[in-house]
Amino acid sequence: MLILSGQGNPGAKYAKNRHNAGFLVIDRIHDAYGFGPWRTKFDAEISEGTVETANGRQRVLLIKPQTFYNETGRSVSKAVTFYKLQPEDVTVFHDEIDLAPGRLRVKRGGGHSGNNGARSMMAHLGENFRRIRIGVGHPGDKAMVMPHVLSDFHKVDLEWFEPMTEAVCKALPFLLAGDDERFQTEVMRLAPAPKHDPKQTARKGEA
């Protein structure tokens, strides 16, 4: 069993926010691979399914913590304990302001870089889980970071975000087989990041 978790906030108010990029990717994986119905457990919405990989068919648990973004570790750690898993069995998808819109990077270990969801995960699980960082760009002003990530994706964002979610689904077997580099390369090949300034989306406003 491997866990794929998204970071985000529960409720319709936040559903299309940049901060909910992780939830949106998990939803797309759920639909693309025909996972089972969502149910409530571990203070989260969870769904089980399988994905065919080079190493054989892999059981996967999808998790969307309902604890709000800054407490996601509390929910995921409950699932890890229940299934007797290790932090290395966990992959978390989350938005990343320090990456340009449309960029994706895989990270294992290291610091939380100010991401409170990652901070919560590390507090509960340590540093040895995998993070899939989805670039949403920086607004250019520290005071605007929260309004930026708690705003909905704009139309210009969807031009790269939707292809990226599709690419993540197609490349997912590489990730589940432990080939982080191949997964990252394949996603960026299938959905190249737009060639614009990292702050462009924020400047465009509601474009």
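From the backbone N, Cα and C atoms, a Cβ is placed for every residue, glycine too.
Annotated active site, proton acceptor per Swiss-Prot: His19, in sequence order. Summarising the environment of His19 (active site, proton acceptor), the number of other Cβ atoms within 10 Å of its Cβ, over all protein chains shown, is 21.
The tRNA binding site annotation in Swiss-Prot covers Tyr14, Phe68, Asn70, Asn116. Here the Cβ of Phe68 (tRNA binding site) has 18 other Cβ atoms within 10 Å, regardless of which shown protein chain they belong to.
The site 'Discriminates between blocked and unblocked aminoacyl-tRNA' annotation in Swiss-Prot covers Asn9, and the record cites sequence analysis as its basis. Residues within less than 8 Å, Cβ to Cβ, of Asn9 (site 'Discriminates between blocked and unblocked aminoacyl-tRNA') and separated from it by at least 6 positions along the same chain comprise Asn17, His19, Asn20, Phe68, Tyr69. A coil conformation is recorded for Asn9 (site 'Discriminates between blocked and unblocked aminoacyl-tRNA') in the three-state DSSP classification, outside any helix or strand.
Positions annotated as site 'Stabilizes the basic form of H active site to accept a proton' by Swiss-Prot, on the basis of sequence analysis: Asp95. Sequence-distant neighbours of Asp95 (site 'Stabilizes the basic form of H active site to accept a proton'): residues of the same chain at least 6 apart with a C-beta under 8 Å from its C-beta are Gln7, Arg18, His19, Asn20, Ala21, Gly22, Ile134, Gly135, Val136, Val149.
Taking all protein chains in view, 16 other C-beta atoms sit within 10 angstroms of the C-beta of Tyr14 (tRNA binding site).
There are 14 other CB atoms within 10 A of the CB of Asn70 (tRNA binding site), with all protein chains counted.
Cβ neighbour count for Asn116 (tRNA binding site) (all protein chains, 10 Å cutoff from its Cβ): 15.
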